[in-house]
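Visitor: One structure, as structure tokens, below. Some questions next.
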Amino acid sequence: MASSSHSVNFEDIPLSSFQHRHSGSSEEDFSPSVNLRRAQTDVHLRERRRQDSDKYHSYGGRGCRAQQCTLPSRCGGELLSSHMFHHGRECRPSAWYNTVMAHRRRGQGPNTEEEVVDEIADAMEGDERLMSDNVDGEIMRREALRDLIKPLRVKKEIRRRLTARRSSHRDSLPITRLNGLKYTISMQWYKVKQSSRKIEGTFGTGVGSYFRFLRYLFLLNLAIAILVCGFLLTPQLLVRAHPQQPSGAVATPSTTPATQTLTPAALRVEDEPSSSNLPVFTWSPLNPPANIDSCNDSLTSKEFGGLDWLTGAGWFDTTELYYGTYSSEDVSLAAHQHYSMPKAYFLVIFVLFIIYLVVILHRVVVLYKNNDIDIEHDMSASFVRKVFSSWDFSITERKAADIKHKSIYSELKEILQEYLSEEQEEDWLQRAKGWLVKVVFWTLVLAFLALLGWATYAMLDLDILHNTKSSAGLLLYPLIVTCIILVIPLVFTQVVRVEGYSTPRTRLYVTLVRTILLKLTVLGVLVGTWYTQATSVFATEDPKEPEDLPVLTPTPSDPDSKVETEKKERDECWETSLGQEFYRLLIMDFIIGLVMHLGTFIISLISQRTAREFNIGRYTVHLIYNQTLLWAGLFFCPLTPLIVVIKIVIMFYIQKFILLRCLNPDDSPWRAAQAETVYLVLTLVSLILSFFGYLFILLKGKTSCGCGPFKGYQNYVDFFWDIIDKDQETILTIVSWLFKPGVVAGILIILVILVYCAKSTAEGRAEMIKVLRHQLELELRDRAFLLKLTERVRQGPQTPREPRDLTQRSSFVFSDSKVHPADSSPAVHRFSDYRENQSMGD
Amino acid sequence: MGNKNTTFTEEELEDYEDLTYLTRREILVAWGKWKGLVGGQGEPDRVTRYPEEDVQKLPELQHNPFRERITRVFSSLKDSRMSFEDFLDLLSVMSSKAPLQLKAHYAFHIFDYNEDQVLDTEDLEVVVERLTGDHALLPEEKSKLVEKLLEDTDLDGGGISEEEFKHLLTKCPDFTHSFRFSV
């Protein structure tokens, strides 16, 4: 690259220096011409800029960023301030800035630091808006100074001068005692916070993104847990606290007067009868359950066993942990306010799903917009990223630095490989072979997954698991599943290396997808089997299929106990037992996680050298698996969010400790910005899948008639019919109104218009990007041209031939002719070359 | 650390807070660090310019392949010696609140090894060399890489100018993540 013509220090050349030297004729000849040209370009630019910002409003900031100050001459050879760049609204440079630029154009550039200070301070003083005495002026001054790209000393000096001349007296008292205390406290708090940032410091942004994801899920689940507690748990607990009265009877405890003063309206505002100072409920079961007698015994409390914490069975059966315990009654408050538990249950779960869906979708869209769109359309960006932003400046450890060096090295190597292979143009045979290998491996993996699914199914049928009624028997099986889920991904990580994917990132994503598939398969088979088993029992009520009982129920081995078992079957709540399974999976997963971390810790204690690395991918998938369990179990075990929140908190501290004590950072290229999007997309997929699962259960599923909020209904759908039956009128009117041709057509038209608008906006933006890129190219050529001019003038006085050329040149700038790459080569162009080129271009 | 507030007056702190992207307590933390870095014995003062070896003891700089460039670019007299205010400048740019354009400006000068205001083959080769550390690429690999890089990014030939560089980085969301200290 012959960069000689460009390798001029702008600060040193600028127009000022040579203009001083060639004062006299050449200056007079030259500067008007430059100014003329500049005026012309400015006109064009301004017009275009205005159009752009009108048309592409949201694009304003970026558009201006690309256009502003590309001409170095206009910037006086350096960028003074980043002020106008990051404020979308403040696209135009402010007055003081223009003053400085004008100075420089006139050739009065500063040479020493004092002069810089003088210049800027003077310019700022001349700016009325900036120096105005109100709050706006104060803020503007602050920002203007802060955004100045100058050393702090200079900034301080300028500020001192400004304040001195504004003659505002600020007392320079030492820090008061109170403030001192305040700082001390805030410093302490800061240190606490800093310890969590330490992770990012030692392990880079990849691990940081994992922990950010963890925090995000934590907050989300916390919010959901609060909702569940407020709308489901509290009413239910209140119901429990006031034991059930005989049907029809109205309980009026002694504290009635206090509560009856509460107006129904106030309750409606709160929308939940959950406040604890409101312990009074009058009971009026509007929906007397059909077989209330047979259900009573299932609600009796059981003994609390030590292993119950692990199995979630026994004592927990009758707690609010599970679906089965929730009341099917309407809680009636005060006068005419009813809190219908079935409706509440249904609505809460439904609303929770909608919230999850909306929140995660929103986040995905935001992240995608911020991080991915630009990159996808621009291949060169990936290269730039690898060189200019590959070093993580937050690294503070020798170890991490070494690993970073290594990973950058391998990445660059890979790029080289790619370029080389591009040049050599792989022949089709090789490519076909590559594809074949991939297809074969995918088939193998999928077959393996299918096999695993079948194995899980077979395992469920094994008598050995059913026969043991003990808690250990219940635990065996989640244990196996969890082990499968934790071990197989390790195999996948190895397998993918053989397959020959070109970049490590693809490898990572392929493994990620496969792991997710694995988890979904296992979970799907589990839930599916449980579900069919459970429902088939209650649907057919056929005692001839003892192996189809839910896991909880022991297989009747001798005919004597058959009657008993049958009775038990009826009382057994399949939703509850399903909920227990989810509980067990969650707990098991937690315990095995703990054991693994402990193992890592012990190993690192024993041998200092064999430190393992923190595999972000695996940990992330694990987190997503947790989240999937939460969603799948939400209906059957409404308190899962609470459990998961606690789990996440404990896991966070353990992982942080382990990470800082005994793990190495991962050396795989894990891009923080994109990785987060990928995590969330995968989470979204699992959410949608479990949503469909619920939809299926809702439409096809049989309720277990003996328990839960929906007891008394045969199917879940019946519940809807019931609601619809109750207020037939309103629903009929709504439905008939919805299906009027006019309404349908209206909705369709609106949708079409919306789609059209979105499409054209997208096209417009794409066009805009093209225009801006083009403009950028032109501006750069512009700069090259001006540099050549200065070079030329510097070499010797020139006969005043410029004006004509310049006007021609400026017309060229904004003609739409394509810039040829050959044009832009940095060869030693003479000024006349441009004319020739341009005439050719025309 | 809290009782050392006497080194600053309220006004000075306010100055620093207004002129940088740091908060008050970050400035105080920075002062603590600065003392740890340069003040072997006695109280360091804010105006004295300390040699780069002292500054490079900062954990974030210790293993940074561009450390000598960083101290040079941020040194206000361009002699690699840094005063406390220069140090604050550095931390301000490296804070997460600093805008991309400001970060890009300094990043550009850090990468511009030969200080000719343009990232050319020469600079990029050094940058690549520093990035890979001990695992050195072969010279022809290096030049190939740099050539490709320039081909892809350089619009007008003759190296990547500051404006082009900034433009490139706007498409690179990772940059703001990676170009900051975790303090």
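Cβ atoms are placed via backbone N, Cα and C, with glycine included.
Curation does not apply to TrEMBL; its annotations are automatic.
According to TrEMBL, the feature region 'Disordered' maps to A:18-63, A:541-568, A:795-842. Per TrEMBL, compositional bias 'Basic and acidic residues' is recorded for A:39-57, A:559-568. Residues or ranges marked as transmembrane segment in TrEMBL: A:213-233, A:344-366, A:435-455, A:475-496, A:508-531, A:585-607, A:628-654, A:678-699, A:731-756. Under the heading domain 'TMC', TrEMBL lists A:573-673.
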Visitor: For the domain 'TMC' (A:573-673), jot down how many residues DSSP puts in helix, in strand and in coil.
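Guide: DSSP composition of the domain 'TMC' (A:573-673): 76 helix, 4 strand, 21 coil.
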Visitor: Any contact between the transmembrane segment (A:585-607) and the transmembrane segment (A:213-233), i.e. 3 or more CB pairs below 8 Å with pairs at least 6 residues apart?
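Guide: Contact absent: fewer than 3 Cβ pairs fall under 8 Å.
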Visitor: What is the pLDDT of the domain 'TMC' (A:573-673) when averaged and given as a whole number?
Guide: 78
Visitor: Look at every Cβ pair spanning the transmembrane segment (A:628-654) and the transmembrane segment (A:435-455), keep those 6 or more apart in sequence, and say whether at least 3 of them are under 8 Å.
Guide: no
Visitor: What parts of the chain pack near the transmembrane segment (A:508-531), using Cβ distances under 8 Å and only residues at least 6 beyond its ends?
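Guide: Distal contacts: 445-446, 449-450, 452-453, 456-457, 460, 481, 484-485, 488-489, 492-493, 496, 499, 501, 550-551, 574, 577-578, 581, 617-618, 620-621, 624-625, 628-629, 632, 668, 670, 678, 682, 685-686, 689, 693, 697, 701.
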Visitor: Is the transmembrane segment (A:435-455) in contact with the transmembrane segment (A:475-496), using three or more Cβ pairs under 8 angstroms as the rule and ignoring pairs under 6 apart in sequence?
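Guide: Yes, since the transmembrane segment (A:475-496) and the transmembrane segment (A:435-455) share at least 3 Cβ pairs closer than 8 Å, they count as touching.
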Visitor: Cβ under 8 Å, sequence separation of at least 6 from the ends of the transmembrane segment (A:344-366): give me the contacting residues as numbers and ranges.
Guide: 216, 220, 223-224, 227-228, 231-232, 235, 326, 631, 634-635, 638, 677, 680-681, 683-684, 687-688, 691, 694, 709-710, 719
